[in-house]
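K.L.:
So TrEMBL has the following annotated:
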type	residues	note
BINDING	His130, His179	Cu cation Z2 binding site
BINDING	His131, His434	Cu cation Z3 binding site
BINDING	Tyr257, Glu260, Met268, Asp274, Asn325	Ca(2+) 2 binding site
BINDING	His327, His383	Cu cation Z1 binding site
BINDING	Lys455, Glu470	Ca(2+) 1 binding site
BINDING	His495	Cu cation Z4 binding site
DOMAIN	540-639	domain 'Cytochrome oxidase subunit II copper A binding'
REGION	543-639	region 'COX2-like'
BINDING	His584, Cys619, Cys623, Met630	Cu cation A1 binding site
BINDING	Cys619, Trp621, Cys623, His627	Cu cation A2 binding site
Amino acid sequence: MSDKKIPTPDAAQEPRGVSRRTFLGTGAVTGAVLAGATALGAGTFTRESWAAAAKEAKSKIHVGPGELDEYYGFWSGGHQGEVRVLGVPSMRELMRIPVFNVDSATGWGLTNESKHILGDSAKYKNGDCHHPHISMTDGKYDGKYLFINDKANSRVARIRLDIMKCDKILTVPNVQAIHGLRLQKVPYTKYVFANAEFVIPHPNDGHTFDLQDKNSFTMFNAIDAEKMEMAFQVIVDGNLDNSDADYTGKYAASTCYNSEKAYDLGGMMRNERDWVVVFNIPRIEAAIKAGKFINLDGSKVPVVDGRKVDGKDSEFTRYIPVPKNPHGLNTSPDGKYFIANGKLSPTVSMIAIDRLDDLFNDRYKDPREVIVAEPELGLGPLHTTFDGRGNAYTTLFIDSQVVKWNMDEAIRAYKGEKVNYIKQKLDVQYQPGHNHASLTETSDADGKWLVVLCKFSKDRFLPTGPLHPENDQLIDISGDEMKLVHDGPAFAEPHDCILARRDQIKTQKIWNRNDPFFADTVARAKKDGINLETDNKVIRDGNKVRVYMTSMAPAYGLTEFTVKQGNEVTVTITNIDQIEDVSHGFVMTNHGASMEISPQQTSSITFMADKPGLHWYYCSWFCHALHMEMVGRMLVEKA
Ligand code: CUK
Ligand code: CUA
Ligand code: CA
């Protein structure tokens, strides 16, 4: 592998004279396990061709002042813990939605409303999100919710797309590291499928390090999307990485890279094949309905066992051997295939979904009979996306390329026909993980734009010190040839994104006063006898002081209130402005308190009045010519 010749951009693209291949030294690291990969030319670059391409690209992605983008993009914020909203093709960042993090501007993680949503997990200030997915009806985005996983603290969050705020967070019990997340597509998103990556002992009470024991396992999890409660869990062999669901509502599938259940790197690469595990959702539902389930380690969630016993399959699962440490799992938008991306094998494996009924009815001698093609694409295939015209686009992490290939031709080649299923290889900069084509997860896949999320940006942007941004590249796939049109720096580390047509997302312009987002606060005010839209009052309840006020540009309803040192103060503000875009804020200086109050929203925050003295509070969102003057004072009297 190490002698494979990779064409590199000219010196202008390689200002520090480092080739990307020597830069990562990947040949040396993975050469042994990747032997047998094909080497295909990637095209060559000249200064002129880059300049010409750049000019053409500019005209494609230019969204002029005042014009709107065609697509919403929702980007995972990786281990930064948030979701970012981008416009595509301009790649302009429109909004950030805090989820598994603390956000100073909106007060997420600080306000009572957000802490209520964070629940038990409010104690965690970190998160690691990977996979944002939009709810569907009949295999098309319905624009209602976006779901995202938190690998770091084993959570799944839901974002309401009408207000672009997180409204539910669930910690999945008895597992570690929720990684893969996908939604049921058909008939609608009843379940969020979220798989846990790491094998742990059960009960995990400190009694053992032993992962080979039969009581050490991980689970595939289904969450009721509407209630955001656990629906069921399935014990599996090996571990689980990424998942997807089919277009019949019957099957979901996950990749497993650690069939070895190994503790060490070498061990996890020991087997030539790991597997894709397929879940039969109706059979699991039927077993649970019939009461044939167990509960695990003090949780009430129904659990079924999807492991093999003495080599015999359970009724719930089938294990399809695929090479080697597979990573991404992607359903083609025609509903025909699950595609497992080989990672340590240069191949992807195409599983025919219409053979899964027969697989579950034990009509095949070898479970690999459901595999209809295993095309060789290049080094380090991680994720595949689709244009709806029969082509697939797979990221090659090690080759730093996206390869476009044709699915039907790959199937013909697998049958022995001489056909070159590879259409094009395009260099990306550098080391791509996920890629995502517009509407690819739905039957609407429209083959217009492809976003490629590169893990390394190296020389593509002005240097920012030892920590580099990632590079989210936009590729035009509307023609026969893929064309790179934009480099977009992104902070830690998007992993994945999703694109929806702008007409598929419908947002509210201002808050509805009956919104459940702040219903608890409204209920508490009611108990205090407060009319939130009109009252400016201080309620004293022992050591607790509840301050209610309105806000209307450029003034708070209360500009002075007095508390005693040691009081726990809750400030509740209702923004009675009805004008779109007039958001106010509330910051109590030197108290760590900050929040957003958008038009018709009620927000509240609680802090300790521990310092005697006069303390100013001010509006933090620029709302009016007299925004600086939108202030008030809290007097804290000595105890
Ligand atoms: S994973 Cu990061 S590149 Cu978490 Cu979807 Cu594949
Ligand atoms: Cu209100 Cu600034
Ligand atoms: Ca393995």
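Note: Cβ is positioned from N, Cα and C throughout, glycine not excepted.
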K.L.:
Within the set Tyr257, Glu260, His434, His495, His627, which binding-site residues show a CB-to-ligand 1 distance under 6 A?
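P.N.:
Going through Tyr257, Glu260, His434, His495, His627 in sequence order, those close to ligand 1 turn out to be His434, His495.
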K.L.:
List the binding-site residues among Tyr257, Asn325, His327, Met630 whose C-alpha is within 10 Å of the C-alpha of His130 (Cu cation Z2 binding site), in sequence order, or say none.
P.N.:
none
K.L.:
Just to verify a number: CA distance, His179 (Cu cation Z2 binding site) to His131 (Cu cation Z3 binding site), in angstrom, no decimals.
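P.N.:
Distance between the two Cα atoms comes out at 8 Å.
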K.L.:
Just the binding-site residues from His179, Tyr257, Glu260, Asp274, Glu470, His584 whose C-beta lies under 6 Å from any atom of ligand 2, please, or none if there are none.
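P.N.:
The ones that qualify, in sequence order, are His584.
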K.L.:
Whole-number Å only: compute the distance from the Cα of His627 (Cu cation A2 binding site) to the Cα of His327 (Cu cation Z1 binding site).
P.N.:
51
K.L.:
Which Cβ among the binding-site residues (Cys619, Cys623) has the fewest C-beta neighbours inside 10 Å?
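P.N.:
Sparsest of the binding-site residues Cys619, Cys623 by Cβ contacts within 10 Å: Cys623.
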K.L.:
Quick one: Cα separation, Glu470 (Ca(2+) 1 binding site) versus Tyr257 (Ca(2+) 2 binding site), in Å?
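P.N.:
Between the Cα atoms of Glu470 (Ca(2+) 1 binding site) and Tyr257 (Ca(2+) 2 binding site), the distance comes to 25 Å.
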K.L.:
Find, among the binding-site residues listed as Glu260, Asp274, the one whose Cβ has the highest number of other Cβ atoms within 10 Å in the structure shown.
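P.N.:
Of the binding-site residues Glu260, Asp274, the highest Cβ count within 10 Å belongs to Asp274.
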K.L.:
Do me a favour and check the Cα-Cα span between Met268 (Ca(2+) 2 binding site) and Cys619 (Cu cation A1 binding site); whole Å is fine.
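P.N.:
Just about 54 Å between their Cα atoms.
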K.L.:
Could you count the residues of the domain 'Cytochrome oxidase subunit II copper A binding' (540-639) that DSSP puts in helix, in strand and in coil?
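P.N.:
DSSP classes over the domain 'Cytochrome oxidase subunit II copper A binding' (540-639) add up to 3 helix, 58 strand, 39 coil.
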K.L.:
Determine, from DSSP, whether Glu260 (Ca(2+) 2 binding site) sits in helix, strand or coil.
P.N.:
coil
K.L.:
Over the region 'COX2-like' (543-639), what is the model's average pLDDT?
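P.N.:
So the average pLDDT across the region 'COX2-like' (543-639) works out to 98.
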K.L.:
Out of His131, Met268, Asp274, Asn325, which binding-site residues have CB atoms lying under 6 Å from ligand 3?
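P.N.:
Near the molecule: Met268, Asp274, Asn325.
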